[in-house]
Amino acid sequence: MQEWHKISLILCGFGFLRDIRPSEPFVTEYILGPWRNVTEQELNQDVYPVSTYGYLAQLILVFLITDFLRYKPLIILMGCCGIIIWSLLLWTTSILALQILEFFYGTYMATEVAYYTYMYAKVDKANYIKVTSYTRVAMLIGKLIASISGQALIYFSLMDYRDLNYITLAAQILATAWAFFLPGSKTSLYFHRKRETGSMEDGLNEDQNAVGTTDNIKGAFQLLWLHFRNAYTNSMVLQWSLWYIVNLCGYLQVVNYIQVLWKVIDSSPLVVWNGAVDAILTLLGAGLSLAAGYIFTGKTNVRASLLTLAILTIIEGLCLLLTSQTTVLYWSYAGYICFGALFTFTVTVSSSEVSRHLQEESYGLVFGFNTFIALIMQTILTVIVVSKDGFALGVIAQFTVYTFYFLVVGICKLVEERGLWGAIPHGVHQYQNIAVPQTGDLPRKSQRYQGERLNKYIITVSRNPLWRIML
């Protein structure tokens, strides 16, 4: 067995065990149940927002520490956070304990970056797509098994909501133990970089291999800035990143509070089908992700992709309208499934397009930064809509805001794309659909020529009256 096969197996095992969380679809039912003295308003305004704040506060720091410590310690930390979270859920009862739990949940989410970037340092680029596919499938299977088993155990009254947390806790303990079998990494993307002759960072400090030295740290930040600049000065990366950020922000907010909404719609349903909803959404999302990669990525022109995404975003808003305004729980389930499936499709298209115009080594940086901006937007939305310092809206009113968020974003992008593409001269559309070389890989004269062409297009677009109105 080759080394990358062993690494893939261990990564798949960790991802599978980590996603065995059958209690997660029923966490709101558990917290609002007889085991804790918590009200829906306290959960909505005092508890759930903490995970958003914690995730935002830790993401960038965790990204840098992950690279500096070379991944494995942070993967183990992720598992330890899972143990802490579900231990607090099982054996505490106070609001403060729930808030501490939510902070650790922010850490749990932030440290995912270590899992996804570990393979960059340990697996050859030629095998990266295969390893990514294997780990995604393993996590998908884990989530699917967890959702189905959790629903079955509840439906047949074999366990209650509290008992499901024991299964989740056991899975987190096993995942943490499994993580210790991961091989350590001698290199990382930035702070412990392996020099490659002729690579774009050869112009940086020559002593890149000296671990922990001032020059090494300075060189790491120089390379970070170089990757960041090359990515976000690419108009295609910037355009698709905005789609990714805006959609992710809204989706995270919906997912955080959807179980509270269902509890408000029907506080005592005959059967709670949250696990079944998660299972259906997981399968549907997987199918649509494959469809998105086959139909859109690199196979349609940019205008068609952007207009399609704008229309789908409007439909996402309409799905949320059904989800939040109906008084029938099953219709709300259906609206949420459609919303989640459409989000999976749109975010797959946007993330694939971002990746297509990036250097492989800057994937983690760019998607980490995009997630960071999405979390800033989500935090602002939470403060305004949810928190006591803002409007402190009820959950149905909150989802009305999220509905209009997606509707307005979709309509604005639809108008923008129609106006923008109407202003660009014939022939430029084809140019925009060509994967642009990285500016760091171009000669200076070629970089200047590309910049002059882009400036001409920007001037043309800025003369369009619709574009001026949008600005």
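Glycine is treated like the rest: Cβ placed from N, Cα and C.
According to TrEMBL, the feature transmembrane segment maps to 76-97, 103-121, 133-158, 164-185, 242-265, 271-297, 304-324, 330-351, 363-385, 391-412.
Long-range Cβ contacts of the transmembrane segment (133-158) within its own chain (Cβ-Cβ under 8 Å, at least 6 residues beyond either end) map to 8, 11-13, 15-26, 115, 119, 164, 167-168, 171, 271-276, 278-279, 282-283, 286. Between the transmembrane segment (76-97) and the transmembrane segment (271-297), the number of CB pairs under 8 angstroms, six or more residues apart, is fewer than three, so the stretches are not in contact. Simply put, out of 103-121, 164-185, 242-265, 304-324, 330-351, 242-265 has the most Cβ pairs sitting under 8 Å from the transmembrane segment (363-385).
Here the transmembrane segment (304-324) touches the transmembrane segment (391-412). Their Cβ atoms form 3 or more pairs under 8 Å, with each pair 6 or more residues apart. Across 164-185, 330-351, 391-412, stretch 330-351 shows the highest tally of CB pairs under 8 A with the transmembrane segment (271-297).
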